[in-house]
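Per TrEMBL, the features are as follows:
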{"type": "BINDING", "residues": "B:Leu86, B:Ser87, B:Phe114, B:Pro115, B:Ser116, B:Asp117, B:Thr156, B:Asp185, B:His188, B:Tyr210, B:Trp240, B:Thr266", "note": "pyridoxal 5'-phosphate binding site"}
{"type": "MOD_RES", "residues": "B:Lys211", "note": "N6-(pyridoxal phosphate)lysine"}
There are 2 protein chains.
Amino acid sequence: MPTDFAATKALFDLPEGVIYLDGNSLGPLPKAVPERLARAVRDEWGAMLIRGWNEAGWMEMPSRIGDRVARLIGAEPGSVVMGDTLSVKVWQALASALEMVPGRKVILSDTGNFPSDLYIADGLVRTLGEGYALRTVAPEAVAGAIDDSVAVVMVTETDYRTGRRHDMAELARIAHQKGALLVWDLAHSAGAFPVELARDGADFAVGCTYKYLNSGPGGPAFIYVAPRHQARARPALSGWMGHEAPFAFDLDYRPGRGIERMRVGTPPILALAALDAALDVWEGVDMQDLRAASLALQDQFIAGVGAACADLALATPRDHAARGSQVSFRHPEGYAIMQALIARGVIGDFRAPDILRFGFTPLYIDRDDVARAVETLAEIMRGRVWDRPEYHRRARVT
Amino acid sequence: MPTDFAATKALFDLPEGVIYLDGNSLGPLPKAVPERLARAVRDEWGAMLIRGWNEAGWMEMPSRIGDRVARLIGAEPGSVVMGDTLSVKVWQALASALEMVPGRKVILSDTGNFPSDLYIADGLVRTLGEGYALRTVAPEAVAGAIDDSVAVVMVTETDYRTGRRHDMAELARIAHQKGALLVWDLAHSAGAFPVELARDGADFAVGCTYKYLNSGPGGPAFIYVAPRHQARARPALSGWMGHEAPFAFDLDYRPGRGIERMRVGTPPILALAALDAALDVWEGVDMQDLRAASLALQDQFIAGVGAACADLALATPRDHAARGSQVSFRHPEGYAIMQALIARGVIGDFRAPDILRFGFTPLYIDRDDVARAVETLAEIMRGRVWDRPEYHRRARVT
């Protein structure tokens, strides 16, 4: 039975009159979240108090929910754990991976990576000191740049600006051939299309949940460590929750079993409760159906905008295999155009210097939404509506 | 006007019949939290969607709330920022502090420190490699062990087991005299008694908010960097939120101004909303009044238990200056005694091998509660109630 996307759409609480094409930045509110969160607050924290750690299963949430996320990214059970932010998880993955390739000191990444990943890698190599370096090449040059100085290849599968997608299985193959490990950032992949970490030979992977997994602003991140690496990966952020026996309160650290060692501090229970409820949306969703429907929506948008807005230059590859679940256009007045769109209820976002981004997911976007979005954008372009001064005021967060 | 603690007690949602003496582990639910959190979910995330980052002030929450916490710990405005977990914040503080004392490679701590702090320090020195070391001495030996190999002294002010308290001003004075920096863990201090970071010469401080600040399970942590150090402290976890201009999406990292550079990833908005509401309890609370009332409750408990339970050995110093806001007793059957207490509605907790811990705060505990707690404990001790097998079953989380 094919996935019923009218049914999943009904699971979201979308404001009247809004077409939300920014789930690639922050997913909308699943209807199940408010009540689940209220229960976690009143019936668990409020009523159970400290006993919630045992009675409400708080302590197991990072790995229990990790297994729910694992199913969506083709990961083995027991290989994903939740916690912290994506930036912290990138640091953890890089620090562990670097130590597993002795004699090499280079992290290789690309200029299409999300800047925070590059900042984190830069911070890590500065901490490690002499000889350690971050090398950054153009996205299309990554595979060719993996030489025998490279310990770790760190790439974000989907470019946050253009939506261009790396061939991760191929990168993993080449990295392994050259003796390097791969850290795979799934920020714009998890929940956006089928990901097959186990099949494609991933070593480490990290991701966030507040985009296509709809966990809410600043929701918990996740980390994946391939089962073959888990026993050998030293958790460089060795907090008590990653200890083999946190409640023994030993003075010495002993890494926990398997993926548990990648836990750091006390888990964020309220945020995990919101995420847990948000993941219910995925029951009954087939990832192949999701991909087919997402591509159909994207193609409809590309064709519609192409026909009606000659001034907008497509920044996303047309080849299905070479893109994720977002479509981007370039225009020198991109910021003001996006403000005009948002003022008319079509929400996408802008990335400097000239990118208009639109995220697509059939979970809550349908063909009618896309048609209306195209129409609204066409009106703005036809009337040069973006010229109005109110659309040129800059907010702190773009 | 003295603080009205009957009024603060009315601000908490405490289960009927429960006397909660475990706020040193997880604070109870402030009544303002459920509604504030529901608003953040429905009216901010749900209705504003991505626009919440600007319209609801999400982006400023870590520093705005940091300033609210700063007031409670005697810190300068603009010197505290929220985010991550305490373990991650310990790592950040240590990594930055170590680099600021060139030529020295030792972190000095004590065996009374919370194990996660020691684990994190151990993880950091292993990452840094040759020559870096964590040295651990008995709590009373810390001051004398600060020699010219020590770069950073890391102590938790209040011992999580016994409630013994370090003289932080004195430790800071000696550390500075010897050319070292001090990282001060306020886990059992913030909200427990007056802390004067600025007055007492703190360099770095870290803490959590889910204990005496009542932000809920796994609530956000904080970090303090003294204004004199801020421009020089390199953020070793250099995530995008600590960048000077996160939304410029530059490829190169430039640390943000002041304490902002200690931000790492996307802030946990729902958890911050809960914390923000929980901090309302502190409006009108005088920290000196809090301390006096806390000590009176502790003394009442010590005297009552001392008179009625000869088998329980006080583990907490009697000297007011030498203790925090918890009272601990030792007994070989401590675990079972605590289970029997909890079964009778008096909630404290147990720490291996033999410690019964009781946290006191006049925010929601009064003299009648303490009298009832003493009475209940006395009954259990008189009747050897702990012998019953049901009190010997071990839960995962103690």
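Every residue gets a Cβ built from N, Cα and C, even glycine.
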Applying a CB distance under 8 A toward chain A to the recorded positions B:Leu86, B:Ser116, B:Thr156, B:Lys211, B:Trp240 yields B:Leu86, B:Ser116, B:Trp240
Same chain, |i - j| six or more, Cβ under 8 Å of B:Lys211 (N6-(pyridoxal phosphate)lysine); the result in sequence order is B:Gly23, B:Asn24, B:Ser25, B:Leu26, B:Gly27, B:Ala187, B:His188, B:Ala190, B:Gly191, B:Ala192, B:Gly359
Other than its own, how many Cβ atoms are within 10 Å of the Cβ belonging to B:Trp240 (pyridoxal 5'-phosphate binding site)?
26
Local Cβ density at B:Thr156 (pyridoxal 5'-phosphate binding site) - other Cβ atoms counted within 10 Å:
29
Quick note, B:Leu86 (pyridoxal 5'-phosphate binding site): same-chain residues at least 6 apart with CB under 8 Å of its CB -> B:Ser116, B:Asp185, B:Ala187, B:Val206, B:Gly207, B:Cys208, B:Ala221
Checking the binding-site residues B:Phe114, B:Ser116, B:His188 for other Cβ atoms within 10 Å of each Cβ, the smallest tally belongs to B:Phe114
Please state how far apart, in Å and to a whole number, the two most distant Cα atoms are among B:Leu86, B:Ser87, B:Phe114, B:Pro115, B:Ser116, B:Asp117, B:Thr156, B:Asp185, B:His188, B:Tyr210, B:Trp240, B:Thr266, the recorded pyridoxal 5'-phosphate-binding residues.
30
